[in-house]
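**Q** Got a structure here, written out as C-alpha coordinates. Questions coming.
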Amino acid sequence: MESRNDEEAPLISASGEDRKVRAGKCYTRDVHILSISFLLIFLAYGAAQNLETTVNKDLGTISLGILYVSFMFCSMVASLVVRLMGSKNALVLGTTGYWLFVAANLKPSWFTMVPASLYLGFAASIIWVGQGTYLTSIARSHATDHGLHEGSVIGVFNGEFWAMFACHQLFGNLITLALLKDGKEGSTSGTTLLMLVFLFSMTLGTILMFFIRKIDGEDGKGPVGSPVGLVDSLASLPRMIITPLLDIRMLLIVPLLAYSGLQQAFVWAEFTKEIVTPAIGVSGVGGAMAVYGALDAVCSMTAGRFTSGLSSITFIVSGGAVAQASVFLWLLLGYRQTSGVLGTAYPLIMAAILGIGDGILNTQISALLALLFKHDTEGAFAQLKVWQSAAIAIVFFLSPYISLQAMLIVMLVMRDFTVEETHFTSSLLFQNSLSRNSLRFRRCLTIKIWDSLPISWESSFSYW
(Lines of atoms letter the chains of each structure in order from A and count residues from 1; the text may use other names and numbers.)
(Lines give C-alpha, C1' and ligand atoms only; values in the text may rest on other atoms or scores of the structure.)
Protein backbone atom coordinates (compact mmCIF):
# COMPACT_ATOMS: atom_id res chain seq x y z
CA MET A 1 0.00 0.00 0.00
CA GLU A 2 1.13 3.51 -0.74
CA SER A 3 0.49 4.67 2.80
CA ARG A 4 3.06 2.25 4.16
CA ASN A 5 5.88 4.14 2.53
CA ASP A 6 5.26 7.04 4.89
CA GLU A 7 4.37 5.24 8.09
CA GLU A 8 7.41 6.48 9.96
CA ALA A 9 8.03 9.76 8.15
CA PRO A 10 6.46 11.96 10.84
CA LEU A 11 8.59 10.29 13.48
CA ILE A 12 11.85 11.66 12.09
CA SER A 13 12.66 15.33 12.44
CA ALA A 14 13.50 16.95 9.16
CA SER A 15 16.55 19.13 8.91
CA GLY A 16 16.36 22.82 8.23
CA GLU A 17 17.48 22.26 4.65
CA ASP A 18 14.49 20.06 3.89
CA ARG A 19 11.81 22.35 5.27
CA LYS A 20 10.41 25.41 3.53
CA VAL A 21 8.87 27.79 5.98
CA ARG A 22 6.22 29.96 4.47
CA ALA A 23 3.81 32.45 5.93
CA GLY A 24 0.52 30.62 6.39
CA LYS A 25 -2.57 30.44 8.51
CA CYS A 26 -2.37 30.01 12.23
CA TYR A 27 -4.66 27.10 13.00
CA THR A 28 -4.54 27.36 16.78
CA ARG A 29 -7.71 29.49 16.62
CA ASP A 30 -9.61 26.59 15.10
CA VAL A 31 -8.26 24.18 17.72
CA HIS A 32 -9.53 26.50 20.47
CA ILE A 33 -13.00 26.82 18.92
CA LEU A 34 -13.31 23.10 18.19
CA SER A 35 -12.22 22.21 21.73
CA ILE A 36 -14.61 24.64 23.43
CA SER A 37 -17.50 23.51 21.24
CA PHE A 38 -16.91 19.87 22.15
CA LEU A 39 -16.63 20.85 25.81
CA LEU A 40 -20.04 22.56 25.79
CA ILE A 41 -21.70 19.66 23.98
CA PHE A 42 -20.13 16.81 25.91
CA LEU A 43 -20.35 18.30 29.38
CA ALA A 44 -24.08 17.79 28.84
CA TYR A 45 -24.00 14.44 27.09
CA GLY A 46 -21.25 12.93 29.24
CA ALA A 47 -23.00 13.74 32.51
CA ALA A 48 -26.33 12.48 31.14
CA GLN A 49 -24.67 9.24 30.04
CA ASN A 50 -23.10 8.74 33.46
CA LEU A 51 -26.59 8.87 34.99
CA GLU A 52 -28.34 6.58 32.50
CA THR A 53 -27.68 3.30 34.30
CA THR A 54 -28.49 4.72 37.74
CA VAL A 55 -31.48 7.01 37.01
CA ASN A 56 -33.14 5.16 34.10
CA LYS A 57 -32.09 1.66 35.25
CA ASP A 58 -32.49 -1.03 32.56
CA LEU A 59 -33.95 1.47 30.08
CA GLY A 60 -30.77 3.50 30.34
CA THR A 61 -28.48 0.49 30.04
CA ILE A 62 -30.27 -0.96 27.00
CA SER A 63 -30.53 2.48 25.36
CA LEU A 64 -26.79 2.94 25.64
CA GLY A 65 -26.22 -0.54 24.26
CA ILE A 66 -28.44 0.30 21.25
CA LEU A 67 -26.62 3.61 20.85
CA TYR A 68 -23.21 1.98 20.58
CA VAL A 69 -24.39 -0.79 18.26
CA SER A 70 -25.75 1.93 15.97
CA PHE A 71 -22.48 3.82 16.44
CA MET A 72 -20.49 0.74 15.40
CA PHE A 73 -22.40 0.09 12.18
CA CYS A 74 -22.66 3.75 11.21
CA SER A 75 -18.91 4.17 11.73
CA MET A 76 -18.40 1.79 8.80
CA VAL A 77 -19.88 4.37 6.44
CA ALA A 78 -18.89 7.48 8.38
CA SER A 79 -15.69 8.06 6.41
CA LEU A 80 -17.71 8.23 3.17
CA VAL A 81 -20.23 10.64 4.72
CA VAL A 82 -17.44 12.89 5.98
CA ARG A 83 -15.74 12.89 2.58
CA LEU A 84 -19.00 13.80 0.85
CA MET A 85 -20.04 16.48 3.34
CA GLY A 86 -16.67 17.84 4.38
CA SER A 87 -15.43 17.59 7.94
CA LYS A 88 -16.90 20.92 9.10
CA ASN A 89 -20.40 20.11 7.87
CA ALA A 90 -20.15 16.65 9.42
CA LEU A 91 -19.19 18.21 12.74
CA VAL A 92 -22.19 20.54 12.67
CA LEU A 93 -24.65 17.79 11.72
CA GLY A 94 -23.21 15.47 14.33
CA THR A 95 -24.13 17.84 17.16
CA THR A 96 -27.86 17.36 16.47
CA GLY A 97 -27.82 13.74 17.65
CA TYR A 98 -26.49 14.66 21.07
CA TRP A 99 -29.10 17.41 21.45
CA LEU A 100 -31.92 14.97 20.62
CA PHE A 101 -30.63 12.33 23.05
CA VAL A 102 -30.55 14.73 25.99
CA ALA A 103 -33.99 16.06 25.00
CA ALA A 104 -35.32 12.48 25.09
CA ASN A 105 -34.19 12.26 28.73
CA LEU A 106 -36.79 14.88 29.65
CA LYS A 107 -39.41 12.16 29.12
CA PRO A 108 -37.47 8.88 29.19
CA SER A 109 -39.40 5.95 27.74
CA TRP A 110 -38.81 3.20 25.19
CA PHE A 111 -40.54 5.35 22.56
CA THR A 112 -38.23 8.33 23.08
CA MET A 113 -34.92 6.79 24.12
CA VAL A 114 -34.60 4.05 21.48
CA PRO A 115 -35.08 6.31 18.39
CA ALA A 116 -32.85 8.97 19.95
CA SER A 117 -30.17 6.35 20.63
CA LEU A 118 -30.31 5.03 17.07
CA TYR A 119 -29.94 8.51 15.57
CA LEU A 120 -27.18 9.44 18.00
CA GLY A 121 -25.23 6.40 16.80
CA PHE A 122 -25.17 7.91 13.31
CA ALA A 123 -24.47 11.44 14.54
CA ALA A 124 -21.67 10.28 16.83
CA SER A 125 -19.98 8.36 14.02
CA ILE A 126 -19.73 11.37 11.73
CA ILE A 127 -18.83 13.91 14.42
CA TRP A 128 -15.92 11.77 15.66
CA VAL A 129 -14.59 10.87 12.23
CA GLY A 130 -14.97 14.54 11.31
CA GLN A 131 -13.13 15.59 14.47
CA GLY A 132 -10.20 13.25 13.86
CA THR A 133 -9.95 14.25 10.20
CA TYR A 134 -10.25 17.97 10.88
CA LEU A 135 -7.79 18.09 13.76
CA THR A 136 -5.19 16.02 11.92
CA SER A 137 -5.53 18.10 8.74
CA ILE A 138 -5.07 21.45 10.46
CA ALA A 139 -2.16 20.07 12.51
CA ARG A 140 -0.35 19.01 9.34
CA SER A 141 -1.10 22.32 7.65
CA HIS A 142 0.14 24.23 10.69
CA ALA A 143 3.36 22.19 10.80
CA THR A 144 3.98 22.71 7.07
CA ASP A 145 3.22 26.44 7.10
CA HIS A 146 5.42 27.17 10.11
CA GLY A 147 8.25 24.68 9.55
CA LEU A 148 7.50 22.63 12.65
CA HIS A 149 7.92 18.92 13.38
CA GLU A 150 4.69 17.28 12.26
CA GLY A 151 4.56 14.63 14.98
CA SER A 152 5.04 17.24 17.71
CA VAL A 153 2.30 19.52 16.32
CA ILE A 154 -0.11 16.60 16.07
CA GLY A 155 0.69 15.74 19.69
CA VAL A 156 0.20 19.31 20.92
CA PHE A 157 -3.07 19.83 19.01
CA ASN A 158 -4.43 16.49 20.23
CA GLY A 159 -3.25 17.26 23.74
CA GLU A 160 -5.13 20.56 23.83
CA PHE A 161 -8.29 19.08 22.33
CA TRP A 162 -8.41 16.05 24.61
CA ALA A 163 -7.54 18.10 27.69
CA MET A 164 -10.41 20.47 26.97
CA PHE A 165 -12.67 17.55 26.07
CA ALA A 166 -11.83 15.75 29.32
CA CYS A 167 -12.96 18.84 31.24
CA HIS A 168 -16.51 17.97 30.21
CA GLN A 169 -16.48 15.33 32.93
CA LEU A 170 -15.39 17.93 35.46
CA PHE A 171 -17.84 20.72 34.59
CA GLY A 172 -20.76 18.51 33.57
CA ASN A 173 -20.61 16.47 36.73
CA LEU A 174 -20.17 19.52 38.96
CA ILE A 175 -23.43 20.81 37.46
CA THR A 176 -24.99 17.42 38.17
CA LEU A 177 -23.70 17.52 41.74
CA ALA A 178 -25.25 20.97 42.24
CA LEU A 179 -28.66 20.30 40.69
CA LEU A 180 -29.38 16.61 41.34
CA LYS A 181 -30.54 15.61 44.80
CA ASP A 182 -31.04 12.20 46.37
CA GLY A 183 -34.65 11.61 47.39
CA LYS A 184 -36.37 9.00 49.49
CA GLU A 185 -36.04 5.29 48.70
CA GLY A 186 -33.31 5.82 46.12
CA SER A 187 -35.24 8.36 44.02
CA THR A 188 -33.72 11.55 42.64
CA SER A 189 -35.05 15.05 42.05
CA GLY A 190 -33.94 17.87 39.78
CA THR A 191 -33.48 15.81 36.61
CA THR A 192 -35.77 18.01 34.47
CA LEU A 193 -33.91 21.22 35.38
CA LEU A 194 -30.61 19.43 34.85
CA MET A 195 -31.55 18.32 31.32
CA LEU A 196 -32.76 21.83 30.41
CA VAL A 197 -29.43 23.30 31.50
CA PHE A 198 -27.67 20.65 29.43
CA LEU A 199 -29.76 21.49 26.34
CA PHE A 200 -28.79 25.16 26.69
CA SER A 201 -25.10 24.23 26.86
CA MET A 202 -25.43 22.00 23.79
CA THR A 203 -27.10 24.77 21.82
CA LEU A 204 -24.17 27.09 22.54
CA GLY A 205 -21.71 24.41 21.46
CA THR A 206 -23.55 23.82 18.19
CA ILE A 207 -23.59 27.55 17.38
CA LEU A 208 -19.88 27.78 18.12
CA MET A 209 -19.14 24.91 15.72
CA PHE A 210 -20.18 27.12 12.79
CA PHE A 211 -17.18 29.39 13.42
CA ILE A 212 -14.42 26.89 12.66
CA ARG A 213 -12.87 27.37 9.21
CA LYS A 214 -13.16 24.80 6.48
CA ILE A 215 -10.08 22.83 5.54
CA ASP A 216 -8.30 24.21 2.47
CA GLY A 217 -9.52 22.47 -0.68
CA GLU A 218 -12.38 20.75 1.12
CA ASP A 219 -15.07 22.54 -0.87
CA GLY A 220 -14.23 20.50 -3.92
CA LYS A 221 -13.48 17.30 -2.09
CA GLY A 222 -16.88 15.67 -1.98
CA PRO A 223 -18.97 15.02 -5.12
CA VAL A 224 -22.26 15.82 -3.38
CA GLY A 225 -23.65 17.72 -6.33
CA SER A 226 -22.69 15.07 -8.90
CA PRO A 227 -24.99 12.03 -9.19
CA VAL A 228 -22.27 10.11 -11.03
CA GLY A 229 -19.70 10.93 -8.36
CA LEU A 230 -22.14 9.96 -5.62
CA VAL A 231 -22.86 6.60 -7.27
CA ASP A 232 -19.12 5.97 -7.65
CA SER A 233 -18.58 6.79 -3.99
CA LEU A 234 -21.34 4.42 -2.90
CA ALA A 235 -19.98 1.69 -5.16
CA SER A 236 -16.55 2.07 -3.54
CA LEU A 237 -18.02 1.84 -0.03
CA PRO A 238 -17.25 -1.90 0.49
CA ARG A 239 -13.65 -1.27 -0.55
CA MET A 240 -13.39 1.68 1.88
CA ILE A 241 -14.63 -0.52 4.72
CA ILE A 242 -12.44 -3.54 3.98
CA THR A 243 -9.22 -1.86 2.81
CA PRO A 244 -8.10 -0.53 6.24
CA LEU A 245 -8.47 -4.03 7.68
CA LEU A 246 -6.09 -5.39 5.04
CA ASP A 247 -3.35 -3.12 6.42
CA ILE A 248 -1.23 -5.04 8.92
CA ARG A 249 -0.66 -1.86 10.94
CA MET A 250 -4.40 -1.45 11.54
CA LEU A 251 -4.82 -5.10 12.49
CA LEU A 252 -1.98 -4.81 14.99
CA ILE A 253 -3.54 -1.86 16.83
CA VAL A 254 -7.14 -3.17 16.87
CA PRO A 255 -6.68 -4.54 20.45
CA LEU A 256 -5.60 -1.07 21.60
CA LEU A 257 -8.64 0.54 19.94
CA ALA A 258 -10.98 -2.02 21.50
CA TYR A 259 -9.43 -1.66 24.96
CA SER A 260 -9.89 2.11 24.86
CA GLY A 261 -13.63 1.49 24.44
CA LEU A 262 -13.75 -1.21 27.11
CA GLN A 263 -12.15 0.95 29.78
CA GLN A 264 -14.52 3.85 29.04
CA ALA A 265 -17.58 1.59 29.18
CA PHE A 266 -16.34 0.07 32.43
CA VAL A 267 -16.32 3.50 34.04
CA TRP A 268 -19.75 4.47 32.68
CA ALA A 269 -21.58 1.17 33.22
CA GLU A 270 -19.84 -0.64 36.08
CA PHE A 271 -17.76 1.78 38.13
CA THR A 272 -20.51 4.38 38.61
CA LYS A 273 -23.16 1.76 39.40
CA GLU A 274 -21.24 -0.83 41.44
CA ILE A 275 -18.62 1.29 43.23
CA VAL A 276 -19.60 4.97 43.36
CA THR A 277 -23.37 4.76 43.91
CA PRO A 278 -23.25 2.30 46.87
CA ALA A 279 -20.51 4.36 48.54
CA ILE A 280 -21.67 7.97 48.07
CA GLY A 281 -25.10 7.82 46.40
CA VAL A 282 -26.44 8.75 42.96
CA SER A 283 -25.68 12.44 43.49
CA GLY A 284 -22.10 11.46 44.29
CA VAL A 285 -21.65 10.10 40.77
CA GLY A 286 -21.22 13.69 39.63
CA GLY A 287 -18.45 14.34 42.13
CA ALA A 288 -16.56 11.15 41.30
CA MET A 289 -16.78 11.78 37.57
CA ALA A 290 -15.67 15.37 38.09
CA VAL A 291 -12.48 14.04 39.69
CA TYR A 292 -12.17 11.57 36.81
CA GLY A 293 -12.52 14.41 34.29
CA ALA A 294 -10.04 16.69 36.05
CA LEU A 295 -7.25 14.10 36.00
CA ASP A 296 -8.25 13.08 32.48
CA ALA A 297 -7.78 16.69 31.32
CA VAL A 298 -4.42 17.19 33.03
CA CYS A 299 -3.00 13.94 31.65
CA SER A 300 -4.34 14.63 28.16
CA MET A 301 -2.48 17.91 27.98
CA THR A 302 0.68 16.49 29.56
CA ALA A 303 0.77 13.36 27.40
CA GLY A 304 0.19 15.43 24.27
CA ARG A 305 3.22 17.59 25.06
CA PHE A 306 5.47 14.54 25.33
CA THR A 307 4.26 12.90 22.11
CA SER A 308 6.84 12.91 19.34
CA GLY A 309 6.70 9.51 17.66
CA LEU A 310 5.97 5.82 17.93
CA SER A 311 8.43 5.10 20.74
CA SER A 312 7.06 7.85 22.98
CA ILE A 313 3.48 6.75 22.27
CA THR A 314 4.29 3.16 23.27
CA PHE A 315 5.97 4.25 26.50
CA ILE A 316 3.15 6.63 27.50
CA VAL A 317 0.39 4.11 26.69
CA SER A 318 2.14 1.50 28.83
CA GLY A 319 2.18 3.92 31.76
CA GLY A 320 -1.54 4.61 31.45
CA ALA A 321 -2.32 0.90 31.23
CA VAL A 322 -0.33 0.20 34.40
CA ALA A 323 -2.28 2.91 36.24
CA GLN A 324 -5.61 1.42 35.26
CA ALA A 325 -4.47 -2.12 36.09
CA SER A 326 -3.78 -0.99 39.66
CA VAL A 327 -7.45 -0.04 40.05
CA PHE A 328 -8.71 -3.28 38.52
CA LEU A 329 -6.51 -5.33 40.87
CA TRP A 330 -7.55 -3.20 43.85
CA LEU A 331 -11.23 -3.83 43.12
CA LEU A 332 -10.69 -7.52 42.41
CA LEU A 333 -8.47 -8.41 45.36
CA GLY A 334 -8.57 -5.83 48.11
CA TYR A 335 -11.49 -3.38 47.95
CA ARG A 336 -14.22 -3.51 50.55
CA GLN A 337 -16.89 -0.86 50.95
CA THR A 338 -16.43 1.09 54.18
CA SER A 339 -18.11 4.01 55.88
CA GLY A 340 -16.77 7.40 56.86
CA VAL A 341 -14.08 9.43 55.15
CA LEU A 342 -12.31 6.43 53.63
CA GLY A 343 -15.58 5.14 52.19
CA THR A 344 -15.91 8.42 50.28
CA ALA A 345 -12.23 8.80 49.44
CA TYR A 346 -11.65 5.38 47.89
CA PRO A 347 -14.03 5.82 44.91
CA LEU A 348 -12.62 9.29 44.27
CA ILE A 349 -9.04 7.97 44.24
CA MET A 350 -10.04 5.21 41.84
CA ALA A 351 -11.82 7.72 39.61
CA ALA A 352 -8.68 9.85 39.50
CA ILE A 353 -6.46 6.92 38.46
CA LEU A 354 -8.93 5.74 35.82
CA GLY A 355 -9.06 9.31 34.48
CA ILE A 356 -5.27 9.33 34.13
CA GLY A 357 -5.41 6.20 31.99
CA ASP A 358 -8.23 7.50 29.80
CA GLY A 359 -6.50 10.83 29.18
CA ILE A 360 -3.35 9.04 28.06
CA LEU A 361 -5.19 6.63 25.76
CA ASN A 362 -7.23 9.35 24.04
CA THR A 363 -4.28 11.53 23.08
CA GLN A 364 -1.92 8.73 22.14
CA ILE A 365 -4.37 6.77 19.98
CA SER A 366 -5.32 9.90 18.03
CA ALA A 367 -1.66 10.77 17.50
CA LEU A 368 -0.84 7.18 16.51
CA LEU A 369 -3.56 7.07 13.84
CA ALA A 370 -2.53 10.47 12.50
CA LEU A 371 1.09 9.36 12.18
CA LEU A 372 0.51 5.94 10.66
CA PHE A 373 -2.37 6.63 8.28
CA LYS A 374 -1.55 9.91 6.59
CA HIS A 375 -3.28 8.98 3.32
CA ASP A 376 -6.55 7.69 4.79
CA THR A 377 -7.28 9.76 7.87
CA GLU A 378 -11.07 9.39 7.61
CA GLY A 379 -10.83 5.62 7.26
CA ALA A 380 -8.43 5.29 10.20
CA PHE A 381 -10.59 7.29 12.59
CA ALA A 382 -13.67 5.43 11.36
CA GLN A 383 -11.99 2.16 12.33
CA LEU A 384 -11.21 3.65 15.75
CA LYS A 385 -14.89 4.32 16.35
CA VAL A 386 -15.99 0.95 14.96
CA TRP A 387 -13.86 -0.97 17.45
CA GLN A 388 -14.43 1.42 20.34
CA SER A 389 -18.21 1.42 19.95
CA ALA A 390 -18.32 -2.37 19.48
CA ALA A 391 -16.45 -2.84 22.77
CA ILE A 392 -18.64 -0.30 24.56
CA ALA A 393 -21.84 -1.92 23.27
CA ILE A 394 -20.69 -5.34 24.49
CA VAL A 395 -20.11 -3.98 28.00
CA PHE A 396 -23.52 -2.28 28.18
CA PHE A 397 -25.37 -5.36 26.94
CA LEU A 398 -23.47 -7.71 29.28
CA SER A 399 -23.63 -5.40 32.29
CA PRO A 400 -27.01 -6.68 33.61
CA TYR A 401 -25.89 -10.32 33.31
CA ILE A 402 -22.23 -10.37 34.40
CA SER A 403 -20.71 -9.83 37.83
CA LEU A 404 -18.25 -7.08 38.67
CA GLN A 405 -15.53 -9.66 39.37
CA ALA A 406 -15.96 -11.27 35.96
CA MET A 407 -15.82 -7.87 34.27
CA LEU A 408 -12.61 -7.01 36.13
CA ILE A 409 -10.96 -10.24 34.98
CA VAL A 410 -11.93 -9.43 31.38
CA MET A 411 -10.46 -5.94 31.75
CA LEU A 412 -7.17 -7.25 33.14
CA VAL A 413 -6.77 -9.89 30.43
CA MET A 414 -7.55 -7.37 27.69
CA ARG A 415 -5.19 -4.81 29.22
CA ASP A 416 -2.29 -7.28 29.33
CA PHE A 417 -2.90 -8.40 25.77
CA THR A 418 -3.12 -4.79 24.59
CA VAL A 419 0.17 -3.78 26.21
CA GLU A 420 2.01 -6.76 24.72
CA GLU A 421 0.51 -6.12 21.29
CA THR A 422 1.42 -2.42 21.44
CA HIS A 423 5.06 -3.21 22.26
CA PHE A 424 5.19 -5.78 19.46
CA THR A 425 3.72 -3.29 16.98
CA SER A 426 6.16 -0.59 18.03
CA SER A 427 9.13 -2.93 17.69
CA LEU A 428 7.99 -4.19 14.29
CA LEU A 429 7.39 -0.74 12.83
CA PHE A 430 10.60 0.62 14.33
CA GLN A 431 12.68 -2.13 12.73
CA ASN A 432 10.90 -1.52 9.44
CA SER A 433 11.70 2.18 9.74
CA LEU A 434 15.38 1.49 10.45
CA SER A 435 15.73 -0.72 7.39
CA ARG A 436 14.10 1.89 5.17
CA ASN A 437 16.13 4.74 6.61
CA SER A 438 19.32 2.70 6.13
CA LEU A 439 18.40 2.09 2.49
CA ARG A 440 17.66 5.79 1.95
CA PHE A 441 20.95 6.72 3.61
CA ARG A 442 22.93 4.35 1.38
CA ARG A 443 21.21 5.72 -1.72
CA CYS A 444 21.86 9.34 -0.72
CA LEU A 445 25.49 8.54 0.16
CA THR A 446 26.03 6.85 -3.21
CA ILE A 447 24.55 9.82 -5.07
CA LYS A 448 26.63 12.34 -3.11
CA ILE A 449 29.87 10.37 -3.65
CA TRP A 450 29.17 10.02 -7.35
CA ASP A 451 28.31 13.73 -7.69
CA SER A 452 31.61 14.61 -6.01
CA LEU A 453 33.68 12.80 -8.63
CA PRO A 454 35.60 15.11 -10.99
CA ILE A 455 34.09 13.60 -14.15
CA SER A 456 30.66 12.36 -15.02
CA TRP A 457 29.60 9.25 -16.90
CA GLU A 458 29.26 11.17 -20.16
CA SER A 459 32.60 12.93 -19.85
CA SER A 460 34.39 9.72 -18.88
CA PHE A 461 33.12 7.95 -22.00
CA SER A 462 34.07 10.88 -24.24
CA TYR A 463 37.50 11.06 -22.57
CA TRP A 464 38.29 7.43 -23.36
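Cβ atoms here come from the backbone N, Cα and C positions, even for glycine.
According to Swiss-Prot, the record shows the following:
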type: TRANSMEM; residues: 31-51; note: transmembrane segment
type: TRANSMEM; residues: 62-82; note: transmembrane segment
type: TRANSMEM; residues: 84-104; note: transmembrane segment
type: TRANSMEM; residues: 110-130; note: transmembrane segment
type: TRANSMEM; residues: 160-180; note: transmembrane segment
type: TRANSMEM; residues: 192-212; note: transmembrane segment
type: TRANSMEM; residues: 251-271; note: transmembrane segment
type: TRANSMEM; residues: 275-295; note: transmembrane segment
type: TRANSMEM; residues: 313-333; note: transmembrane segment
type: TRANSMEM; residues: 341-361; note: transmembrane segment
type: TRANSMEM; residues: 392-412; note: transmembrane segment
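A description of the local structural setting of each listed feature is requested, covering burial, neighbours and distances.
**A** Within the same chain, residues 60, 64, 91, 95, 98, 101-102, 105, 131, 134-135, 138, 157, 160-161, 164-165, 167-169, 171-173, 175-176, 180, 191, 194-195, 197-199, 201-202, 204-206, 208-209, 211-212, 268, 272, 282, 285-286, 289, 293 sit at least 6 positions outside the transmembrane segment (31-51) and bring their C-beta atoms closer than 8 Å to a C-beta of that stretch.
Long-range contacts of the transmembrane segment (62-82) within its own chain (CB-CB distance under 8 A, at least 6 residues past either end) are made by residues 49, 52-53, 56, 90, 101, 113-114, 116-122, 124-126, 128-130, 133, 233-234, 237, 240-241, 265, 268-269, 378-379, 381-383, 385-386, 389-390, 392-393, 396-397.
Within its own chain, the transmembrane segment (313-333) has Cβ neighbours under 8 Å at 256, 263, 275, 299, 303, 306-307, 350, 353-354, 356-361, 364, 367-368, 371, 404-405, 408-409, 411-412, 415-416, 418-419, 422-423, 425-426, counting only residues six or more beyond its boundaries.
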**Q** Please indicate, using numbers and ranges, the residues of the same chain that are 6 or more beyond the transmembrane segment (84-104) and have a C-beta under 8 Å from a C-beta there.
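**A** Beyond its ends, the transmembrane segment (84-104) has Cβ neighbours at 34, 37, 41-42, 44-45, 48, 67, 112-113, 115-117, 119-124, 126-131, 133-134, 137, 195, 198-199, 202-203, 205-206, 209-210, 212-215, 218-219, 221-224, 230, 233.
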**Q** Can you see whether the transmembrane segment (160-180) and the transmembrane segment (192-212) are touching - at least 3 CB pairs under 8 angstroms, only pairs 6 or more apart in sequence?
**A** yes
**Q** For the transmembrane segment (110-130), give me same-chain residues lying six or more residues beyond its boundaries with a C-beta closer than 8 angstroms to one of its C-beta atoms, as numbers and ranges.
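**A** Same-chain contacts beyond the flanks: 56, 59-60, 63-64, 66-75, 77-79, 81-82, 85, 87-88, 90-91, 93-98, 100-101, 103-104, 378, 381-382, 384-385, 389.
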**Q** Counting only CB pairs under 8 A, let me know which of 192-212, 341-361, 392-412 has the most with the transmembrane segment (251-271).
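**A** Ranking 192-212, 341-361, 392-412 by Cβ pairs under 8 Å to the transmembrane segment (251-271) puts 392-412 first.
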